[in-house]
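*Asks:* Quick paste of what Swiss-Prot says about this protein:
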type	residues	note
BINDING	GLY43, ASP44, VAL45, ASP46, THR47, GLY48, LYS49, THR50	ATP binding site
Amino acid sequence: MLTEVCKMGTNKAFFTNEVPEDRYIAAEKISSLKKPATVMIIGDVDTGKTTLTIYLANELISRGFRVSIIDSDVGQKSILPPATISLAFVDTHFSSLEDLTPFAHYFVGTITPSQFFGEMVIGVMKLAELAKKFSDVVLIDTTGMIYGPGVELKRMKIEAIKPDLILALERENELTPIIKGFEDITLKLRVSDKVKEFSRSERKELRREKWKRYFENSRIVTFNVNDILVTGTSMFQGKPIEEGEKNLLERLFKWLILHGRKLGERYFVVKVDTSEGPRVVDKNVVRYFDFSKLSNLLLGLLDKEGFCQGVGILKAINFSEGRLEVLTPVKDISIITEIRFGRIRVREDGEELGLLDREVL
């Protein structure tokens, strides 16, 4: 049987050969599709999506097909690093997605897709287009976000990617709002009784181990914002605020402003409070960000094609010199043309320090 177990503290899903009958039916269905074929696997958390992906990839390899896998479960990534969508090509049998060598990544910048629908859809689209050039079958493993906004996210992915087959792992028709209208390309599969459920704390611990492993053998690299494209933040958009404007804002709100930009008629400032107490700030006029929250912020290091070559942790920033000091395991920095700011703070030991709302930065 296929089992979901915790092994060495880093992964949940592993391959075995005994599977429910409907998994064989799924493999037969995929084998009969016109190639290249794209298959999207959906289901709630802890329904065996990754386990199914592993089984199908191994079975299809045995049948002589070229297979690729897109791991888009940003919060429970098997193909490192977290907070990205990753593509790997399968050239031999394997037992865990962690065994695969990633070919390309797309940076999302957080471990929850709720405020990042654009990145989630575009990332899977770009990687699927790339994968189809070299694969007979593209298997897309997805997040367990299937309720509320998750319905719209899954439907947007289906509309954008146009999969040839949707494999729906469900218990009691909970996927109906997602697959309604796509029944002709959907195959429903039952959730195995052997699937293990993981608590929030267990998931966080799994992520901690993966962050820690990813940042092993990292080094500090310096980037200059004047020499590289910086996205995912308003910090370097618009024009610098004038000294008089800076002084006025500091007096009004009891701030020390370390960096400020004027974006049309609005201001964006990075500040430190100089006194305690409440402040009434019209965020339609002034957006502000606490300097301390820049520490250990996750950054994506992108190439000219928009693919993520790896991620880094912001360790220091010098606004006057435009200098960013980034801890990263990425070796070839020469191909990095863009730095994209994420919305999770994490240390290199894997400890997550918190998520940021998309609009704050």
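The backbone N, Cα and C atoms fix where each Cβ goes, and this holds for glycine too.
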*Asks:* Within 10 Å of the Cβ of THR47 (ATP binding site), how many other Cβ atoms are there?
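*Replies:* Taking all protein chains shown, THR47 (ATP binding site) has 26 Cβ neighbours within 10 Å.
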*Asks:* Can you name every residue in this chain, apart from GLY43, ASP44, VAL45, ASP46, THR47, GLY48, LYS49, THR50, with its Cβ inside 8 Å of the center of the Cβ atoms of the recorded ATP site?
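*Replies:* Leaving out the recorded residues gives GLY144, LEU169, VAL191, VAL195.
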*Asks:* If you draw a 10 Å sphere on the Cβ of VAL45 (ATP binding site), how many other Cβ atoms land inside?
*Replies:* 15
*Asks:* State the count of C-beta atoms found within 10 angstroms of the C-beta of ASP46 (ATP binding site), not counting that atom itself.
*Replies:* 16
*Asks:* Indicate whether ASP46 (ATP binding site) is helix, strand or coil by DSSP.
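*Replies:* SS state of ASP46 (ATP binding site) = coil.
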*Asks:* Give the number of CB atoms, excluding that of GLY48 (ATP binding site) itself, located within 10 Å of its CB.
*Replies:* 26
*Asks:* With every protein chain in view, what's the tally of Cβ atoms within 10 Å of the Cβ of LYS49 (ATP binding site), excluding that atom itself?
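*Replies:* Its Cβ shell of radius 10 Å holds 26 other Cβ atoms.
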